[in-house]
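Q: So TrEMBL lists the following for this protein:
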TRANSMEM  22-42  transmembrane segment
TRANSMEM  62-82  transmembrane segment
TRANSMEM  94-114  transmembrane segment
TRANSMEM  120-139  transmembrane segment
TRANSMEM  181-203  transmembrane segment
DOMAIN    183-402  domain 'ABC transmembrane type-2'
TRANSMEM  215-235  transmembrane segment
TRANSMEM  256-279  transmembrane segment
TRANSMEM  291-313  transmembrane segment
TRANSMEM  325-343  transmembrane segment
TRANSMEM  349-369  transmembrane segment
TRANSMEM  381-399  transmembrane segment
Amino acid sequence: MAISIAQRASESLRLPLNVLRLLQYTANVAILIGAHLIAVQIRLRLPWGNTLGPEYEAQPPLFLLVIAGGQALAYLIASWTARTPLRRWLTPRSQFRLLILGIGLIVLGTLWLLPDLSQLQLVYFGVAAAAVGVCAIVYPSRINPQQDSGTLLTHLWRLWHNRALLGLWLRYNIQSRYSQTVVGIFWIILLPLAMSSVLALAFSQFLRINYDVPFIVFFLAGLVLWQLFSSGIFGGMSAILSRMGLINQVNFPREIVVLLVIGESLVDFCFTFLAFVIVNALNGIYPNVMWLYLPLLLFILVCFTLGVMFFLSCLSLMIRDIPQLVSVVMQLLFYLTPILYPVQNVPEQFRFIFLISPLGLIVQAFRDVTVYGRAPDPLSLYYPLVVALTLLYMGYAYFKANESRLADFA
């Protein structure tokens with residue numbers, strides 16, 4: 001993920017200027033490649049602009065070279081203008097401005113070298129690159145221009161050294177949660193199975209809606225991911241508030257309490273996924289080689305969920321109406337995500353809603369892999385991957401910028 005850590009890292013790690021420039025260049029190229037993947041997804045999936053023929057090549061390899069060359073030329077221009085009046089505006093440290101300059105050079109180079117590439121796709125590319133740049137470069141520097149506790153690398157290094165605390169805390173929470181129940185940890189499996197059975201009866205017998213696979217299989221493929229996402233979101237809102245007494249007394253990385261929630265959700269996911277595999281087997285659907293995509297899909301979903309959790313864990317303290325608002329949004333999102341129905345049943349004019357929803361694309365890809373045994377469309381994974389990584393970085397930066405003020409809102 002392209003992140004704006006280069007100049008902060010140089011201050012704490014004392015990197016040479018050339019290394020700083022290389023880090024910034026690499027980050028900007030990563031942003032531009034991510035924007036390119038988003039532009040391809042939008043151009044090929046949304047019915048806007050001229051119809052593209054079957055011979056249209058949306059991802060010419062030469063375009064990647066244009067990206068690398070255009071951004072390199074932007075840094076060369078910055079070096080050449082070091083002794084001109086432009087030096088204050090365009091310096092090797094002005095990462096976002098160099099990104100914008102690179103976008104302009106890339107567009108010009110593409111119009112010259114790749115005239116057959118859709119100009120609408122180029123517009124999407126420029127807008128997406130600028131948007132991701134604002135999120136990954138401008139936004140973190142605005143919310144926390146000088147972070148006394150250290151850089152992002154320092155925070156991650158400290159978090160890594162406290163991984164044993166996270167593991168012990170997670171193990172304790174899992175054991176204590178079901179220690180006083182009769183069925184124990186099997187409640188994790190029984191609850192989604194019971195919900196799926198009731199809905200299967202309603203949709204297949206009462207409503208007479210036909211699916212190309214058993215409804216319980218179709219529904220569980222979406223429910224297991226939805227439960228991971230929703231449990232993380234709702235748990236993240238109370239993660240800080242429910243442990244404020246401990247936070248005020250013990251010094252440890254505060255993000256551990258948020259990671260603890262997603263860790264518990266992942267443990268629950270493992271059990272519900274096991275139940276899903278068993279239900280699939282009972283219906284004649286078995287694991288196949290396409291399941292190798294599952295770690296990637298799970299990684300995207302966890303990054304996306306964590307990004308939202310970092311925001312909500314702070315905002316729910318500052319604005320006490322946030323939990324009620326999130327509950328309404330989550331109910332709406334549940335029905336806007338293809339969990340109960342296939343995307344093919346949605347009218348064509350409304351399908352763009354699912355194309356702009358990272359969660360919907362992840363659920364659809366997960367169902368393709370686990371139920372239908374087919375590889376997910378790579379184009380459908382580009383957009384959620386870029387959004388998830390960008391959101392994770394923004395959320396973590398926001399959390400670290402506000403963690404020192406959390407006790408003031410408790």
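For all residues, glycine too, the Cβ spot is worked out from N, Cα and C.
All TrEMBL annotations are machine predictions without curation.
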Q: Short question: which residues 6 or more past the ends of the transmembrane segment (256-279) have a Cβ under 8 Å from it?
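A: For the transmembrane segment (256-279), the list is 159, 162, 165-166, 169-170, 173-174, 177, 185-186, 188-189, 192-193, 196, 216-217, 220-221, 223-224, 227-228, 231-232, 235-236, 239-240, 243, 247, 287, 298, 302, 305-306, 309-310, 313, 370, 399.
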Q: Between the transmembrane segment (325-343) and the transmembrane segment (22-42), are there three or more CB pairs that fall under 8 A, provided the residues in each pair are separated by 6 or more in sequence?
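A: Result for the transmembrane segment (22-42) with the transmembrane segment (325-343) is no.
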Q: Do the transmembrane segment (215-235) and the transmembrane segment (325-343) come close, with at least three CB pairs under 8 A (pairs 6 or more apart in sequence)?
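A: Judged by the Cβ rule, the two regions touch, with the required three close pairs present.
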Q: Is the transmembrane segment (349-369) packed against any residues at least 6 beyond its ends, judged by a Cβ distance under 8 Å, and which are they?
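A: Distal contacts: 41-42, 45-46, 218, 221-222, 225-226, 229, 290-291, 293-294, 297, 300-301, 304, 333, 336-339, 343, 375-377, 380-381, 383-384, 387-388.
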